[in-house]
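*Asks:* The following block contains the structure, expressed as structure tokens.
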Amino acid sequence: MAAPIAPLYEKIPQKNTLYRALDLTIFFLLLSLLAYRLLSLKNNGFAWLVAFLCESWFTFLWVLNLSSKWNPVSYKTYPERLLQCYRVDELPPVDMFVTTTDPMLEPPIITVNTVLSLLALDYPANKLSCYVSDDGASPLTFYTLLEASKFAKFWVPFCKKYGIQTRAPFRYFSTELVSSNDNSMEFLQEYRKIKERYEELGQKIEDATLKSMPYELSSAEFVAFSNVERENHPTIIKVILENKETRPDGLPHLIYVSREKHPGHPHHYKAGAMNVLTRVSGAMTNAPFMLNVDCDMYANNPQIFHHAMCLLLGSKNEQNCGFVQTPQCFYDGLKDDPFGNQLVVLYKYVGSGIAGLQGPMYGGTGCFHRRKVIYGLWPEGRMEIKGRSGKLTDERLEKTFGNSKEFTTTAARILSGLSGISHCPYDLLDRVEAAQQVATCSYECGTSWGTKIGWLYGTTTEDILTGMRIHAKGWRSTYCQPDPPAFLGCVPSGGPVSLTQRKRWATGLLEVLFSKNSPFIATLTAKLQFRQCLAYMWILSWGLRSIPELCYIALPAYCIMARSHFLPKVQEPAMLIPISLFITYHFYNLLEYCGAGLSSRACWNNLRMGRITTVTARLFGFFSVILKLLGLSETIFEVTKKDQSTTPGEGSDKDAGRFTFDESLIFVPATTIVLLHLVALIAALIGPSHVGIESRIGEVICSVWLVLCFLPFLKGLFGKGKYGIPTSTICKSAALALLFLACINTSERNSF
Ligand SMILES: O=c1ccn([C@@H]2O[C@H](COP(=O)(O)OP(=O)(O)O[C@H]3O[C@H](CO)[C@@H](O)[C@H](O)[C@H]3O)[C@@H](O)[C@H]2O)c(=O)[nH]1
Ligand SMILES: [Mn+2]
């Protein structure tokens, strides 16, 4: 290695004076509101107290938010300098992991594209191995990977020869070829041929998905899949591609892994799959770095490994870079983000804010890990093993990592700073047996997998928990934001799919918060920095917010009908506090969206969806955690359905942005809210609540505002098919709304 010429990356603080000023303004307005409420608590009723409690919670959250965003940084990486410091053959190996579960929810063509994009990256192919975990044990998935590997033999050289920028073929071929002078005859010929081959691949996959198995389950390649049940089958590991001559210009290894499953053994969803991949790859190739992506997140920047290596190899102190996280970005998102699930603003402001603290959180996909960090090493080289001496005896290795001699040998190499397999070169097929052993479902029994090392269990958001425990050891993490974005994934469609995903997030995050892994404990007893702890609190409490927000949303309707107040009267000067709060808050949001290059419409859509998600998905996430804590039910990981979207411009359905519904109970609370506010507004206009309404004009305006926020539900009351709220849901909501009204009535009568 030559002496470094210039730093491989720079950490650049971002200016945010205006945002800070607004942050503080909002904070002081919130404090004034709280102070005012406290001073006038005696003269006001129940609604006032509820408002005070809710606002106290919102103020607390605002502090978390403010602290998380206060010191944003961005990272600039210099991949061209990397090759001045390292010879190509000195670049470290990387094991790449792709997880997939269900060929119905995750169409194989999507997974195949992700795999192809990874195989084709600009990095010496002999340094890369791609492991695909298939939790569905599906011969279809295996078949499509086999076919894809044949296509890869043409695709990868083509991409490298012509420097193709988009390495996921479905995206590359979805845009017309721009004619330019570089389009030589030779290129055009190859382009046409390869396009044809891709279409053939697509056709084969489609045929295989739709009907007749194009493979014989009795044939040697597929026999492992005969008599396989999804949740009950032995391990299947298949080496699909092997770079036998270790040629840098060849193809990376490609290995199919379907871990053993048995009904009696919990498989821990994605976290379990990741741990199996970690061990299988440890036994087979044992690269010091690991990249993991979800099956829909294709590699979009061909240089991503160079960018990541700038951060992993370029930090003076390894401790500064325990892992490298790239922000989650999506392709073909609908215009103006109608479902508020494209997360652009979240990653831009909160993401870079947290990057300025101890480092970004691990987001589950698009992340480069150091293997040794995943193996539980502390920055100073200590292992988290009970006992006095830190020495790694064989016995201790076995207790921690399990009883595969082959695997513990490779783990010991990693922990002592080496990597790879001791006897190199070797035949990949020789390692399959060892890999099979570590992928069995009983392998983890009695070991530290899932509790101290690897991906951690006990939550459906294994990513946040695993990352937090890494931070708690004192590692920092870095944010990698190359242009073009590193990885692009499918954004879930609106309505049920999106809400189910959000519910799972809220559930998983609360599971962490209520466990012994709460960030406060990590700050008190370990090395999680205080402000990083606040940032974790901010995200972990997403589900908790639903309760105060639900109450707060019900308040205007309650006040109108109970002839009560939760806002100062219009003529009181104190009314200026909530008014300025409302205006500043929305101005602040608008500014953020414009700053991120988004429209005001996108801002409104996200604000509105924020309200909707809180009282649907987050509320249900909260309920499921309560049920779990009471021991009544277990939480499950419901996989998000992925659709390969249309090519840009094609068939952009005008209904694509419309909210859809199903029979799920998740829609009941929001429907109830709409009904309540409608009743309240009607009562205020023409009904009994009309008397003295002038003094409650603030509450009426709030009510109108809320109806606007929940407009998709108002429309859903009258919509047809999937665009309409099912009658059963409306009935349940109406019953709840009536109950609420009855409560108001009784409490009114009692107070007379
Ligand atoms: O039993 C399972 C369940 C899921 N997965 C895989 O996990 C990934 C993520 O699942 P998805 O349904 O796409 O969840 P998302 O909500 O979109 O995922 C986000 O949130 C998850 C935590 O809730 C993280 O693990 C993900 O990386 C992050 O992208 C997919 O590749 C799945 O195939 C498995 O391998 N086994
Ligand atoms: Mn996903």
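The backbone N, Cα and C atoms fix where each Cβ goes, and this holds for glycine too.
OK, TrEMBL features for this one:
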- 21-39: transmembrane segment (TRANSMEM)
- 45-66: transmembrane segment (TRANSMEM)
- Glu106, Asp135: UDP-alpha-D-glucose binding site (BINDING)
- Asp135: active site (ACT_SITE)
- Lys270, Asp294: Mn(2+) binding site (BINDING)
- Asp463: active site (ACT_SITE)
- 534-555: transmembrane segment (TRANSMEM)
- 575-591: transmembrane segment (TRANSMEM)
- 612-631: transmembrane segment (TRANSMEM)
- 665-685: transmembrane segment (TRANSMEM)
- 697-717: transmembrane segment (TRANSMEM)
- 723-744: transmembrane segment (TRANSMEM)
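How about a rundown of where these features are and what they're close to?
*Replies:* Outside the transmembrane segment (21-39) by six or more residues, the chain places 48, 51-52, 55-56, 58-59, 62-63, 65-66, 69-70, 568, 574, 577-578, 580-581, 584-585, 587-588, 591 with a CB less than 8 A from a CB of the stretch.
Sequence-distant neighbours of Asp135 (UDP-alpha-D-glucose binding site) (same chain, six or more apart, CB under 8 Å from its CB) are Thr99, Thr100, Thr101, Asp102, Ser258, Arg259, Lys261, His267, Tyr269, Ala273, listed in sequence order.
All chains included, 23 other C-beta atoms sit within 10 angstroms of the C-beta of Lys270 (Mn(2+) binding site).
Counting only same-chain residues at least 6 apart in sequence, those with a Cβ under 8 Å from the Cβ of Asp463 (active site) are Met361, Tyr362, Gly363, Gly364, Thr365.
Within its own chain, the transmembrane segment (697-717) is flanked in space by residues 553, 555-557, 559-560, 565-570, 575, 578, 607-608, 611-612, 658-659, 661, 667, 670-671, 673-674, 677-678, 680-681, 684, 723-725, 730, which lie at least six positions past its ends and keep a Cβ under 8 Å from the stretch.
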*Asks:* For Asp294 (Mn(2+) binding site) and Glu106 (UDP-alpha-D-glucose binding site), what Cα-Cα distance in Å is obtained after rounding to a whole number?
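*Replies:* Each residue's Cα considered, Asp294 (Mn(2+) binding site) and Glu106 (UDP-alpha-D-glucose binding site) end up 10 Å apart.
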*Asks:* Take a look at 45-66, 575-591, 723-744 and tell me which one has the most Cβ pairs under 8 Å to the transmembrane segment (534-555).
*Replies:* 45-66
*Asks:* Using CB under 6 Å from any atom of ligand 2, narrow the recorded positions Glu106, Asp135, Lys270, Asp294, Asp463 to the ones that qualify.
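*Replies:* The recorded positions passing the 6 Å Cβ test are Asp294.
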*Asks:* Can you tell me which parts of the same chain pack against the transmembrane segment (575-591), counting only residues 6+ beyond its ends and a CB-CB cutoff under 8 A?
*Replies:* 18-19, 22-23, 25-26, 29-30, 32-33, 36, 567-569, 600, 603, 606-607, 698
*Asks:* Taking 45-66, 612-631, 665-685 as candidates, which has the most Cβ pairs under 8 Å with the transmembrane segment (723-744)?
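*Replies:* So the stretch in question is 665-685.
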*Asks:* Going along the chain, which residues at least six beyond the ends of the transmembrane segment (45-66) come within the CB cut-off of under 8 Å?
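*Replies:* That would be 23-24, 26-27, 30-31, 33-34, 37-38, 350, 534-535, 537-538, 541, 545, 548-549, 551-552, 555, 558-559, 562, 564-566, 747.
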*Asks:* Same chain, outside the transmembrane segment (612-631) by at least 6, Cβ under 8 Å from its Cβ: which residues?
*Replies:* 340, 499-507, 509-511, 514, 542-547, 549-550, 553, 665-667, 669-670, 673, 709-710, 712-713
*Asks:* How big is the gap, in Å, between the Cα of Lys270 (Mn(2+) binding site) and that of Glu106 (UDP-alpha-D-glucose binding site), rounded to a whole number?
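*Replies:* The separation of the Cα atoms works out to 14 Å.
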*Asks:* Report, as numbers and ranges, every residue of the chain located at least six residues beyond the transmembrane segment (665-685) whose Cβ falls under 8 Å of a Cβ in that stretch; write 'none' if there are none.
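*Replies:* Same-chain contacts beyond the ends: 496, 499-500, 503, 550, 553-554, 556-557, 560-561, 612, 615-617, 619-620, 693, 696, 700, 703-704, 706-707, 710, 713-714, 716-717, 725, 729-730, 732-734, 736-737, 740-741.
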